């Protein structure tokens, strides 16, 4: 056999060995235990190509706005005699959760007007707005929607009326000593608002109404909004920003 024929024979044998090695590698790759080895990019790609496509449905996000108030009786008198109106709702775990009265801003209302109306509807008493306490933002999911809720809260002066729990959404209403608010309010965000109210009442009593910060501008609502409710039964940690919040 000539030198040229020997070289061709070696090249053919090399190609056959290469094909056998490649086939052996593929067989080892396909025989990997599914639970013991991390898929290689090749196997992961094949798995993805065989899996059915999932629907591209996205959860709709809605934005809702509410308003409420912390109504103080005796706001000009001794601090130890001051009381605040709270509402109680029973969740599906049977817990009575105390919070501030509040509700959705209706068409044509400002946030302050809503706070006055909702306080009257949920507690039976009348109040006037003195100052803004702040706002609370939180998210929750209900009826296949992600709801971003913003609630505006106000410090309010008690004007008159009798406590009443005729609102079907409210289990109890009560006058609570203002010093007990940190232990009574179920939600951390509302407890922080009570601290702000305490500071504002000190300013009101020491320097008069002129010492209170001016109310932020509030325009009447021009479009109706959805009315969703957070489910307290799922609220294992009241006051969280990302999760069920304090009611309507």
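Yeah, the Cβs are placed from backbone N, Cα and C, and that goes for glycine too.
Quick look at what Swiss-Prot annotates:
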type	residues	note
BINDING	103, 118, 121, 122	Mg(2+) binding site
COMPBIAS	9-20	compositional bias 'Basic residues'
COMPBIAS	31-44	compositional bias 'Low complexity'
COMPBIAS	45-57	compositional bias 'Basic residues'
COMPBIAS	220-230	compositional bias 'Basic residues'
DOMAIN	62-198	domain 'Nudix hydrolase'
REGION	1-64	region 'Disordered'
REGION	204-248	region 'Disordered'
MOTIF	103-124	motif 'Nudix box'
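Taking Cβ pairs closer than 8 Å, the motif 'Nudix box' (103-124) reaches residues 64-69, 71, 85, 87, 152-154, 156, 161-167, 169-170, 173, 215, 218-225, 227, 248 in its own chain, all 6 or more past its ends. Broken down with DSSP, the domain 'Nudix hydrolase' (62-198) shows 34 helix, 69 strand, 34 coil.
The Cβ of residue 121 (Mg(2+) binding site) lies under 8 Å from the Cβ of 103, 167, each on the same chain and at least six residues away in sequence.
The local packing around residue 103 (Mg(2+) binding site), expressed as other Cβ atoms within 10 Å of its Cβ over all shown chains, amounts to 21. Residue 122 (Mg(2+) binding site): 25 other CB atoms within 10 A of its CB, across all protein chains.
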